Amino acid sequence: MVVATMLGGMWVASRYLRAGLAGDAAIERAAVPPAQLALALLGTVLVVSGANALNMYIERDTDLLMERTRSRPLPARRLSPELALWFGIALSAASIPVLLVGVNATTGVLAAAALLSYVLVYTPLKRRTTLSLPIGAIPGAIPPLLGWTSVTGQIDAPGFLLFAVMFLWQIPHFLAISLFRQDEYQRAGLKVLPLEKGDLTTRRHIVGYLALLVLSSVLFVPLGVAGPVYLGAAILLGGAFFGLGVYGLRAGTGARWARQVFFASMVYLVLLFAALMIGA
């Protein structure tokens, strides 16, 4: 999913640049070499894989206490912790030079910031505060921005909007998980909103972030990134997703609703990015 959003950002950026240029010669001069795009994809895969490997190394004891993570290689003892650590370090160390040298400085710096904040800030904070979720959503939202900057070389309004949509999407997605798996989080000693503030507050947060997500998603149109086809899709998808969120404010909806939000969030993201790529 992470790499797919990066590719989506890359595709939309390419279409956006071409739409703003007049004449075949200008388009040809602005075209990004295929080798550079391939290196951008490679670097993104490396940095995401490296960050995940290091995260799993740090959380190997916690993962053993949770059903959703206990089958991972480290808690399941299919891989030694030392090997996982060096594997994560090697991937991470290789990723940044690939992006800095092979793509551009902006993409390399963003990837380094995402890697360091994910491993050194977000991961330790999960045991200390519920704010780890919005903090962790920052590096989690960078991949589509990496796709954008790998083509444009800069962070501008459309690129930041890609980041914002991905950031806002993650909050209800992971809050839904914390609702129907809160017993596992409690057993693992992780700080999540349902355990700290209760289910109703968590549901209200989900609805609030869904409202911001839907509003942000339509801003691609006034920015000139997408047209009416995308706008229609964004309104329909957003309306359905938001409606599901509001339904969860009713008493008695329970864990089943939270699971529905979780699965709906994945469908929503895939379809929204598909509509954006088609409508760009």
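Every residue, even glycine, has its Cβ placed from backbone N, Cα and C.
Feature list (source: Swiss-Prot):
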- 2-21: transmembrane segment (TRANSMEM)
- 30-50: transmembrane segment (TRANSMEM)
- 83-103: transmembrane segment (TRANSMEM)
- 105-125: transmembrane segment (TRANSMEM)
- 131-151: transmembrane segment (TRANSMEM)
- 160-180: transmembrane segment (TRANSMEM)
- 206-226: transmembrane segment (TRANSMEM)
- 229-249: transmembrane segment (TRANSMEM)
- 260-280: transmembrane segment (TRANSMEM)
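Scored on C-beta pairs under 8 angstroms, the neighbour of the transmembrane segment (30-50) with the top count among 2-21, 83-103, 160-180, 206-226, 260-280 is 83-103. Contact between the transmembrane segment (131-151) and the transmembrane segment (2-21) is supported: at least 3 Cβ pairs lie under 8 Å, counting only residues 6 or more apart in sequence. The listed stretches are 105-125, 229-249, 260-280; of these, 260-280 has the most Cβ pairs under 8 Å to the transmembrane segment (160-180).
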